[in-house]
Amino acid sequence: MKYGLLGRKLGHSFSKKIHNLIDRYDYDLYEKELDQIEQFVNGDITGFNITIPYKIEVMKYIDEMTNRAKKIGCINTVIKKNGKVIGDNTDYFGFEYMLNSLEIGDVKSALILGDGATSMTVGAVLDDRGIPYTKLSRKTEPYYSRYLDYKDVELLINATPVGMYPNNGERLIDISEFNNLKGVIDVVYNPMCTKLLFDAKEKNIKCCNGLPMLVAQAAEAYNVFCGNKVEDRKMKRIIEKLSVEGNIVLIGMPSTGKSTIGRIISKNTDKILVDFDEEIVRKTGKSIERIFSEDGEAYFRKLESEMCGEFGKKNNLVIATGGGVVTQIENYESLKQNGKIYLLKRNLEELELEGRPLLKDFDSVLRLWEDRKDRYQSFSDKEVENITIMEASKKIIDDFYGYDYTKCENRI
């Protein structure tokens, strides 16, 4: 029996990995164009999930819908039984699981961004909970431009793909004047922290990306396909496993060991090393010292910010940044969106000056640290003393993966 996910572009989908973590069964990704949908539905596939842009389109080819799918008005799962093609909706279970995990208590009002299939599911859950809501749309009133009319709501849900990879950093509305929010949910899960969620965190609002919903709806789809319920603790474990698909980001003063420790971490995990200084040298064909002398520090910082934007939106990397990456505040969200940021610290007297354009003597080291230390600390999630490179590398690996880190055979 064959199962899978139907969509148009699935290169960055987590679905196959999630279903393989749930159980080892035949689940694959199926990228199809619009004119291939009917043939796919009528082919030898036993059951499948559907993602954008085909959630509405597939409804043309089903024989009947489950009660919950009828209630919502759209499907995201199809199963073939007794010669019939049956449409179901497991997103309801997924969104409910995600809303519960936010733990925000009673909510009196909500605002949904979007009017597509996902918003229909969100609306159904809110209806069942007696939470009044408004949907904003591009196509019909009320439009997104009227979002400030609803600034007193207690729950905000982005049910659109805005801000999703590769269009990281985008958002539909500015929540700076939303002062009654108890929670913000973004159904986007790649990047792990969207611009909307950064805004929520800045206001100390409880928030959540779409990963819990993705995992929970997949677990419910597995139940539909195979008749087996997935326990909550297994869903939480899968969410944790997927969370460590993100990036390990190393920041710190020049000569604190970012490149060396990055290489060690990369060798002991499945993460690919990206060294910003090496990338800039490769891109420009110039040494770092030559860039500073010929083009100036401002040009170098521009290149560095481009590196943050390019690699920060990717996953499963170890990123060794340059010492001055914290001087540009916009680099924080680029690095943090998919990463955990570690500040490497080392005795200032031990820092090497050779090949460091901004370090001429120990006084310049002290001045640079005083200038940057607040930024280093505000960027970092955790500080690690580099007493020895092996010990520091191990501390970062253990912290990032936790006690569940499984690549014991390659441990330092």
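Quick reminder: no glycine exception, Cβ is built from N, Cα and C everywhere.
Here the structure is a predicted model, which means the values were calculated and not measured.
Arg372 is the residue from Arg233, Arg367, Arg372, Arg375 that TrEMBL records in the substrate site together with Asp277, Arg301, Gly323. Per-residue pLDDT, averaged along the domain 'Shikimate dehydrogenase substrate binding N-terminal' (5-78), amounts to 95 for this model. Under the DSSP three-state reduction, Arg301 (substrate binding site) is assigned to helix. Annotation for Arg372 (substrate binding site): same-chain Cβ neighbours under 8 Å, separated by at least 6 residues, are Met253, Gly323, Gly324, Val326, Thr327. For the domain 'Shikimate dehydrogenase substrate binding N-terminal' (5-78), DSSP puts the residue distribution at 27 helix, 16 strand, 31 coil.
With the fewest other C-beta atoms within 10 Å around its C-beta, Arg301 stands out among the binding-site residues Lys258, Arg301.
Candidates Ser255, Thr256, Gly257, Ser259, Thr260 (binding-site residues) were compared with Asp277 (substrate binding site); those inside 10 Å Cα-Cα are Ser259. In the structure as shown, the Cβ atom of Ser255 (ATP binding site) sits within 10 Å of 21 other Cβ atoms.
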